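K.L.:
One structure coming up, written as C-alpha cells, with questions to follow.
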Amino acid sequence: MPKRDDINSVLVIGSGPIVIGQAAEFDYSGTQACRVLREEGVRVILVNSNPATIMTDPGFADATYIEPITSEVLEKIIIKERPDAVLPTLGGQTALNAAIRLDELGILAKHGVELIGAKVEAIQKGEDRQLFKDLVIESGADVARSHVAKTLEQAVEFAEDLGYPLVIRPSFTMGGLGSGFAHTRQELERMVADGLQSSPTTEVLLEESILGWKEYELELMRDTADNTVVVCSIENVDPVGVHTGDSITVAPALTLTDREYQHMRDIGIDIIRRVGVDTGGCNIQFAVDPTNGRLIVIEMNPRVSRSSALASKATGFPIAKIAAKLAIGYRLDEIPNDITKVTPASFEPTLDYVVVKVPRFAFEKFPAADAELTTTMKSVGEAMAIGRNYSTALQKALRSLEKRGSSFHWGAESRSVEELLETSRIPTDGRIVTVQQALRAGATPEQVFDATKIDPWFIDQIVLINEVADAVRDADELDAPTLREAKDHGFSDAQIAEIRGIGEQEVRDARHAAGIRPVFKTVDTCAGEFPALTPYHYSSYDSETEIVPSDRRKVIILGSGPNRIGQGIEFDYSCVHASFALADAGFETIMINCNPETVSTDYDTSDRLYFEPLTLEDVLEIVHVEQQAGELVGVVVQLGGQTALGLAKGLEAAGVPILGTSPSAIDLAEERGLFSGILDAAGLVAPRNGTAVAIDEAVVVAEEIGYPVLVRPSYVLGGRGMEIVFDTATLHDYFLRMADQGIIGEGKPLLIDRFLDDAIEIDIDAIYDGTELYVGGVMEHIEEAGIHSGDSSCTLPPVTLGRGQIQQVVDATRAIAEGVGVRGLLNVQFAIGAGVLYVLEANPRASRTVPFVSKALGIPLAKAASLVMVGTSIAELKASGLLPERDGSDVPMDSPVAVKEAVLPFKRFRTKDGLIVDSVLGPEMRSTGEVMGIDRDFPRAFAKSQEAAFGGLPLSGTVFVSVADRDKRSIVLPVLRLQQLGFEVLATAGTAEILSRNGIQARVVRKYSEEPAAGDSPSIVDLINRDEVDVVINTPSGRTARADGYEIRAAAVAADKPLFTTIAQLTAAVASFDAIRAGFDVTSLQDYAIAREARR
C-alpha cells in the first residue's frame, strides 16, 4: 500500500519541556518523524514549547510553533495552518493527552482533521486501566488482581479486598507519576490522593503486589495490513518495584527460555491487535513470578515511548522514523532498512551483542529526598553501552555515568557482609555496586538474591567480574593473558590500575606494549547477515575489526554523556549543530557519546558514530583508530559540557589536537586567581572573592569578605554544590560535605564570593574568533542574583536594561574573550548592583542558553562557533550569510520578546515522611528542562512561558500571601493589583497587617504550626489541601523560620497550585494577567524570521 495521497500536511505535537519520565528521547523521536515526513513530501507543522530541542529548529518543519501545548493553542494553529492530520504518538504522554483532549472537545471533527499514528479508541484502550485490563483478560492472558478507583473512598474499600501491600497506578500519566506501593492505609490515602491529582481522568488502578517479580518489556510495531514485528525485548535487572526508567535494563532479554519468550511474544502481538495500534509502535510490560513462572501483563504505552528510543539505539531499528511512515499509509514490508538497504522493516532485528542501560540520578540536588527507588521514576538521565557480553556492557555503562563510585571498585570496604546485604535490600542509586561489594566481602549469591530478588544469572555475572579482578590482583605480572581476560570483561585501565595499585598510564603502556587494543564492531540489525551501510560502532576486544577509517579530513565531536541536572539536552543541541555545520563544510564528522536519548546518537546525525563511554581511555582508542588514515583536524570539547571539557587536558597531553579554545585558556577562565588577573587588566570588577583548599583557609577568606558568601566548587556545571552561607558553622558543615563528595580539595579549590543582594543578573552568549566578537544574545534574569541561572526565568532582549548598560556588558565580554584567548563560544554572567557591573563568571564553552538564543533571535550560534573552531572568521560567516550582520546586542525595538522559564521536578522527590522536598530556589540548579514563550511584548511572552511550564495562571479565585520581612514592602503593589483583578486575599497575621495598612483587605489564616482557635480554624495547609486556594505566594524567611514556609510550599506543589517564591517572579506574573485575559496569538518561527529580515 503506497503513501496516502489524502495527507498533504501533518501537525506533529511535541512533548514539551524535559521532565523526569519524558526527556530527550522524544526530541530524538520527533526529529526523526519530521525529517521522514518532509522527505515524503508532506508539509510538516510542528508545535513544541521546548526551545532546547533539535526538532524546533526551523529547518525540520515547514511551520514551527514554540507555543504552549494546550487545546486553545492547538486549535489556533489548526485554524491557521489547516493540516490534514495530527500526529501525537511521537510526543510522549503530553502529546497523547493533548490529542485526546482535542477529540473530546470536538476540535478535530469541527476542522476536519484526522488523528493518525493511533486512533482515539486505541489510545483509550491502551491508557485506560480498566479497559486495558478487560482487554487482556479477554485475550486469555493473565493480569494482577486489581480494581479501578475514582475516589479515595472507593480505593479504601478496594484495598480491603486486595490486601496490603498493593500498587497504585494512575491512568494517563508518565514516568510512574503518582504511583507507588502502599503498605498501610495511611500510605494508601496519601498515594491515592496524589494519583487522583496526577491522572487527567482522575482514576487510579489498585493492584495486588507483585514486588520482586522479574520485569520485561517488548517493543512492537504493526501496520494496517496486520504485519507485526517485535523490534526488541528488554529485561529489567532490578525486579518489579523499581520503575523501569530507574532500573538497569538489558537488551535482548537474557534470562528467558525460548519457550517463555515465544509465549510473551504471542501475547504481545495479540494485545497490539486487540488494542488496535495499526499505524505505529507500542511498548508492553510484563512480569514473571520467579517462583512458579506465572506471567502477567502489567501495562502498555500505545505510542513511541522512552523504551522505544532505547530499543532504537540498541538495535539500529529507527522506530520513530518507521512509525511516521506507517502513520501516512506505508506497510512495514514497503519500508527499507536504512542500515542494510536491502532488508525491509518487516524483518525483526537480530542482535549479536548485549546492550545495557544504566540510569543516572540527581539525589545530591535534593538532599532531603528519600533515595529509595519505587514505581515513581526519579532518574534524570541514562547511559547506554554495547558489548559482546553482559559483563563488558555493564562495566562500560557504569563508567559512562561519570559519577564517583558508580563503577565497580576493589578498594578497602569497611562494611560487613551483613551491613552490605541489609543496604542492598532497599533499591537505591548504586545498589549494583553494593551487591558487588557484598559478594566480594563473602556473601553468597543465594544471600544476595534473597536480599534483592535480582535474577541469579545477573548475580553470577558479578561473581565472575569479581573473580577476574582477583586474577588481575594475584597475577605475578600484568602480562598479555591477564590484561586480555580483564578487557574481555569490560575492565577499564583505571580499574586495573586500582586493583594492582599502580598508575592508569602504566596499565595503558603495558597494554599497548602487549598489542592489546580494542577493535570496533558495527550495529547492523542482522547479526552480520547483511553488510551494514551506516557507520554505527562500539568497541570490543575481539580479534576482528569491522571498520576502515576514511582518508578524509575529520573532526571528532565529544558529546555530553548522560543527561543530568545542569547538563542536559541543550549541550546535545550544540553538538548536533556542530556536526551538521562541519559536514556541510566538507569535514568527516565523528560523534562520540553514550546517551541513548539524544539526536547526537542517531546513526545518521554524523558521518560516523561511536557509542562509547566518554572517558580518556575510550576516546584515545577511537582517536588512535581514526588517525590510521586521513587527517584528524582535531577534537571539539567545548560543546559537550563539563564532560567533554574534563577530557581536554588529558587529550592534549596525549598529543591530540584540541579545536577552539585551548585547555590552558579554559584554565584561565576556571582558575580564580588567573581569571582575576584578566579582569584587573581589563579594568573589570568581580565581587570580593577568594579560594581555599582547606577549611581553615575557607573560614579566613569568608571572614575577610564578610557574610553572606556564595560558595561553590571549581569545574562543575549546574551550580553543583553552590550555596549561600551565612555563618562560620554553616561553612564548616558545607566544606565537610563537599570534601566527602570529592569535589573540593587539592587541585579543586573552593570558590568563595561576596553574595550580591538585590542585583540584576545578566547572561551573554557570544562567539569570538580572535579578532571579532559576535554577540548571540544578552539575557536579563527575572529573578534577582542568588538563584541559579538555569532555574531563573530570563528575557531576551532585556526589558529593564538601557542601551548603555548593554554596551557595557558587550565591551566587558569582548575584553574577557580577548584576555582568555577564546576561539568559539563564550558565556559570561554579570550582575548589576548599585550601578556597578560585576563579572560573576566566564565559561569558554557552549552554555545551556545557546538553543534559546538561537530560537529567539534566529542566530545559529552552535553552527557558527563550530566553523570558527576550524579557522573560519566571523567576517567570513557574515559574508556567507550564516550570521546576520546585526548581532544580538542590537535588537530592534519592534522585535518579539522571548522568555525562558525553568521546569522543576519537586513533585517527584519526597522525604521519608512523604512530604515533597522544599521548592525554594537557590544557587544550586534543580530544573530538568525549560520552555519558551515568545510574543510581541514581555507580558504576553511571560504569560505563554507560565502556561507552557505550569499550566497557566488562574484569572480569579483566592490568593494566599506570606512573605519574609525583607519582602513586605515590595509585596504591596503586586497584591493590590491582584485584589483589583478580583482575587480574594488570604494572609498570615504579620503579612496581613502590612497589607491592611496599605488598603488591602486580607483574611487572616493561621500558620501550619499555630494552634487552632476555638471552632473550625483551618490552617493555610488545610485550605490548600481542600482546594480552597488558587495561588500561593511564599518567600522563605531563613532557616529558623522555614518549617511553616516549607509545609505551605510542599502543599502547593502537591496540589499543582501556582507557587511564587520570589517577588520578581510574582511581579512579572501580575503584569501578564491582561495578556492572559486577551488570549494568545500564535506565530511560527518562520514568520518571525520573515519579519526579522524585513527589519534588517
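Positions of Cβ are set from backbone N, Cα and C atoms, glycine also.
The structure displayed is predicted, hence computed values, not measured ones.
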K.L.:
According to Swiss-Prot, R129, R169, G175, G176, E208, I210, E215, G241, V242, H243, E299 bind ATP 1; which of Q154, Q262, Q285 is also listed for that site?
P.N.:
Q285
K.L.:
Within the region 'Carbamoyl phosphate synthetic domain' (548-950) only, compute the mean pLDDT.
P.N.:
93
K.L.:
Just report the maximum Cα pair distance in Å for the recorded ATP 1 binders R129, R169, G175, G176, E208, I210, E215, G241, V242, H243, Q285, E299, no decimals.
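P.N.:
In whole numbers, the farthest two Cα atoms are 20 Å apart.
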K.L.:
On a C-alpha basis, identify the one among Q285, G786, E841, N843 that is nearest to N301 (Mn(2+) 2 binding site); the candidates are the binding-site residues.
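P.N.:
Minimum Cα distance from N301 (Mn(2+) 2 binding site) across Q285, G786, E841, N843 lands on Q285.
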K.L.:
Would you mind reading off the Cα separation of H788 (ATP 2 binding site) from E299 (Mg(2+) 1 binding site), to the nearest angstrom?
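P.N.:
About 39 Å separate the Cα atoms of these two residues.
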K.L.:
Among all the protein chains here, how many other CB atoms are within 10 A of the CB of N301 (Mn(2+) 2 binding site)?
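P.N.:
For N301 (Mn(2+) 2 binding site), the 10 Å Cβ neighbour count is 24.
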K.L.:
Checking your reading of the structure: which of the binding-site residues G175, Q285, Q829 lie inside a 10 Å Cα sphere centred on N843 (Mg(2+) 4 binding site)?
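P.N.:
Those near N843 (Mg(2+) 4 binding site) - Cα within 10 Å - are Q829, in sequence order.
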K.L.:
Taking 10 A as the limit, how many CB atoms besides its own sit near the CB of Q285 (ATP 1 binding site)?
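P.N.:
The answer is 20 other Cβ atoms.
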K.L.:
Quick check: in three-state DSSP terms, what is Q285 (ATP 1 binding site)?
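P.N.:
Q285 (ATP 1 binding site) sits in a strand per DSSP.
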K.L.:
Counting other CB atoms within 10 A of each CB, which of the binding-site residues R129, R712, H788 comes out lowest?
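P.N.:
Selected from the binding-site residues R129, R712, H788 on minimum Cβ neighbours within 10 Å: R712.
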K.L.:
How many Å lie between the Cα of R712 (ATP 2 binding site) and the Cα of E208 (ATP 1 binding site)?
P.N.:
47
K.L.:
At the level of the C-alpha atoms, what whole-angstrom distance separates E299 (Mg(2+) 1 binding site) and Q285 (ATP 1 binding site)?
P.N.:
5
K.L.:
Determine, to the nearest whole angstrom, how far the Cα atom of R129 (ATP 1 binding site) is from the Cα atom of L756 (ATP 2 binding site).
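P.N.:
For R129 (ATP 1 binding site) versus L756 (ATP 2 binding site), the Cα atoms are 52 Å apart.
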